[in-house]
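Annotated in TrEMBL:
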type: REPEAT; residues: 225-259; note: repeat 'PPR'
type: REPEAT; residues: 260-294; note: repeat 'PPR'
type: REPEAT; residues: 295-329; note: repeat 'PPR'
type: REPEAT; residues: 399-433; note: repeat 'PPR'
type: REPEAT; residues: 469-503; note: repeat 'PPR'
type: REPEAT; residues: 504-538; note: repeat 'PPR'
type: REPEAT; residues: 539-573; note: repeat 'PPR'
type: REPEAT; residues: 574-608; note: repeat 'PPR'
type: REPEAT; residues: 609-643; note: repeat 'PPR'
type: REPEAT; residues: 714-748; note: repeat 'PPR'
type: REPEAT; residues: 749-783; note: repeat 'PPR'
type: REPEAT; residues: 784-818; note: repeat 'PPR'
Amino acid sequence: MKMCLRNPGLISHYDLKFCCIFARKKLTSLSNGPYSEVDVKVDSNQGNSANSWGVRQVVDKVCCVLDTGPWGPAIENALSMLDEKPMPDIVIGVLRRLKDVNIAVNYFRWAERIIDQPHPPDAYNSLLMIMARTRNIDCLEQIIGEMSLAGFGPSNSTSIELVVSCIKSRNLREAFNVIEIMRKFKFRPAFSAYTTLIGALSEAHESDLMLTLFHQMQELGYEVTVHIFTTLIGAFAKEGRLDAALSLLDEMKSNSFDADIVLYNVCIDCFGKVGKLDMAWKFFHEMKAQGLMPDDVTYTSMIGVLWKAGRLDEAVEIFEQMEQNRKVPCAYAYNTMIMGYGSAGKFDEAYRLLERQKGKGSIPSVVAYNCILTCLGKKGKVEEALRVFEEMKKDAMPNLSTYNILIDMLCKAGNLDSALQVRDAMKEAGLYPNIVTVNIMVDRLCKAQKLGEACAIFEGMDHRVCAPNDFTYCSLIDGLGKHGRVDDAYRLYEKMLDSDQIPNAVVYTSLIMNFFKRGRKEDGHKIYREMISFGCSPDLMLLNTYMDCVFKAGEVEKGRALFEEIKARGFVPDVKSYSILIHGLVKAGFSHETYELFYAMKDQGCVLDTRAYNAVINGFCKSGKVNKAYQLLDEMRTKGHQPTLVTYGSVIDGLAKIDRLDEAYMLFEEAKSNGLELNVVIYGSLIDGFGKVGRIDEAYLIMEEMMQKGLTPNVYTWNCLFDALVKAEEINEVLVCFQSMKDLKCSPNHITYSILINGLCGVRKFNKAFVFLQEMQKQGLKPNVITYTTMISGLARAGNISEAHELFHRFKANGGVPDSACYNALIEGLSNMNQALDAYKLFEETRSKGCDIHTKTCVVLLDALHKAECLEQAAIVGAVLREMAKSQHAARHW
């Protein structure tokens with residue numbers, strides 16, 4: 001920003017002036033301790049002046065001028081007309097009251113030019129505090145750079161406030177950059193700035209950034225505490241990065257820090273939650289060996305870790321150890337154990353534990369009952385949950401969570417009326433639905449496709465008491481989109497923007513997917529562009545979904561580009577990314593790329609799931625690598641993935657296409673024995689395969705079996721059967737099957753008619769073929785070049801040359817482009833019917849179109865021209881014939 005640039009003249013003589021002005025001041029802004037707070041004074045006289053009534057009046061006048069409009073010449077002139085010069089105490093007073101960074105920077109620069117001297121540290125810190133308050137740090141690096149030239153830096157309180165402001169705006173990367181900028185100019189960020197940011201990064205699972213800050217603190221000489229080590233170790237353990245966590249633990253011990261009970265409790269909890277129960281046990285026993293007695297948190301963590309891992313008996317054993325000789329039971333441990341019993345479906349044991357707690361004089365809390373209600377809901381025991389709800393009122397007053405659990409349970413069960421009754425009962429109990437309640441109801445109603453009720457709840461929200469959050473908007477936007485109301489979903493998205501809610505990647509994923517599903521790909525692309533322009537970074541799930549939508553819309557190159565964009569954005573394509581790419585490319589006819597992509601996926605360490613196996617197997621089959629597909633089918637079984645209908649369909653089709661029909665049929669029987677309901681596509685693959693090799697009886701049997709299963713053959717299946725029968729010259733059987741096809745309400749397509757016409761012409765039933773050609777046109781089906789060529793050739797060979805000629809001209813008049821076969825057939829037919837000159841005209845047209853002339857055609861035409869005494873034309877045809885002979889001879893010789 002231009003307004004951030006200092007006056008170059010001031011920079012050149014800054015240090016000299018600074019020495020004169022601030023020689024007698026103590027500059028403590030370069031903090032050397034963790035908690036040193038800086039509040040540099042200009043001098044005692046100026047401090048008193050800044051607090052005087054006169055200075056406040058000047059500050060008021062300046063602020064009134066600055067409030068009149070955007071910065072410009074008018075503002076500068078008005079400021080210049082004020083009697084008082086902008087001395088440091090006035091500048092500092094004004095900066096402390098301003099709320100706009102742009103105005104503050106402009107005023108800061110104007111004052112610097114007017115008094116022709118640099119600002120003191122307090123003025124710079126005041127300017128930085130405005131940036132922190134307004135969360136606008138665009139000029140931060142420039143301002144800190146100037147402070148570095150002047151020989152002083154941000155105060156501790158300023159550096160902390162800058163970091164905290166970024167954290168509050170959920171921009172942790174920017175907070176990290178604040179630290180980096182200060183380090184760039186050799187300033188020492190405050191101890192609290194580090195610890196606050198490390199804590200925030202821990203919540204956001206940014207362990208690598210945490211570790212970087214931790215190492216910086218060590219470099220700067222800050223004393224790192226056991227608490228900081230505990231935060232880091234817990235963060236790495238929660239992410240499953242156990243080696244890093246253990247390395248930090250070793251570092252802490254090597255620095256002579258003794259692990260306290262809090263650290264052990266964190267390790268037990270975090271390592272246990274990522275499935276490392278042996279490590280959790282190790283820490284449990286180690287802390288005892290170190291003379292630390294497990295407390296309630298330790299026992300409760302171990303109990304929770306054990307039952308979540310399915311080791312309920314061991315959890316009970318630990319619970320009983322804790323309870324030995326205890327007079328007052330630990331309510332938190334009881335709640336955890338009750339949750340364990342409930343999750344295992346052992347509700348009788350959970351109820352007995354409640355009674356045991358009561359027997360020890362400890363009334364179960366609402367948390368204990370909520371645990372039981374949650375587990376009953378997960379097991380679908382709605383009636384029992386309602387009974388427990390009534391009983392709990394004797395011991396504990398239901399809270400908002402209790403009602404929300406019940407509402408969620410009833411909504412999941414589809415009992416929406418009862419859910420609304422519970423909501424009303426909550427209001428009667430003096431508890432009003434919170435955002436969790438609203439979100440549960442909106443989400444469940446959307447999933448039940450009751451969009452009207454969901455919208456009514458949303459519209460009925462009192463935004464002053466309970467404003468919708470991003471989850472509310474996301475649920476309703478997704479529900480509307482999936483129900484086809486994409487325009488309503490988009491309007492709600494705009495409403496979300498207007499309410500200052502920041503849409504996340506989930507919202508954008510839903511909008512993109514639903515626009516594409518409705519065939520509105522341009523709107524889908526527009527949503528993605530909007531997301532990028534608003535600064536919302538796509539996650540891997542969004543990019544995968546977008547790529548899938550793009551491929552399904554037929555935009556192959558765009559799909560490829562999105563796969564590359566995944567890598568460009570720093571993500572590692574996962575197994576889903578590769579599956580979508582392979583499936584999209586195979587569908588677009590690029591199955592030959594499957595091999596390379598498959599090994600790239602393997603090299604990257606992707607573990608294939610069922611979808612990935614299906615995509616790769618299909619790609620191998622389509623590219624002719626059927627043996628490789630067969631090997632993957634075996635691998636899929638050994639890895640514990642059950643082949644699906646798609647898996648069997650791909651391999652059966654691949655085998656059938658290369659005439660390995662017995663193997664295909666064995667897989668067909670295997671799929672049936674595995675309980676899979678085979679579809680028309682798989683039956684069609686076998687019918688096509690058996691038909692093409694002339695095994696008509698087996699093709700018929702498969703067709704009959706399919707129909708006995710209640711499956712109706714589609715047009716592809718019928719076409720496969722017709723083609724096989726035509727090749728076997730069973731034309732009468734074709735006609736019978738064609739009638740059956742129409743009886744079953746399956747409409748023939750242009751391929752069906754082409755097969756029939758070809759078959760009829762093959763047995764010289766040209767009149768019948770012509771009838772089918774007319775029927776085809778009446779059905780609104782446009783014959784293709786093969787259909788016309790077949791018909792024209794057949795008519796010409798049968799001597800119906802006038803009809804063939806007429807059909808030829810009609811074909812061209814309808815925009816058809818005859819091929820070589822069509823031209824050659826008609827030239828031969830006209831020549832045989834002694835219409836030599838008409839045949840010669842077609843001969844010239846054929847050559848001008850670049851179509852091949854057959855040798856036989858030239859010989860027949862030449863003979864006809866000699867008979868008609870068309871010697872000039874005959875000479876030309878003869879010359880063409882000789883050239884063809886020379887070319888053929890040369891080709892053979894070569």
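One-based numbering along the chain as shown.
Every residue, even glycine, has its Cβ placed from backbone N, Cα and C.
Only residues 6 or more beyond the boundaries of the repeat 'PPR' (784-818), in the same chain, are considered here, and those with a CB under 8 A from a CB of the stretch are 750, 753-754, 757-758, 760-762, 764, 766, 769-770, 773, 776, 825-826, 828-830, 832-833, 835, 838, 851. Across the repeat 'PPR' (469-503), the DSSP tally of helix, strand and coil residues reads 26 helix, 0 strand, 9 coil.
With helix defined as DSSP H, G or I and strand as E or B, the repeat 'PPR' (714-748) counts 26 helix, 0 strand, 9 coil.
Mapped onto DSSP helix, strand and coil, the repeat 'PPR' (399-433) counts 26 helix, 0 strand, 9 coil.
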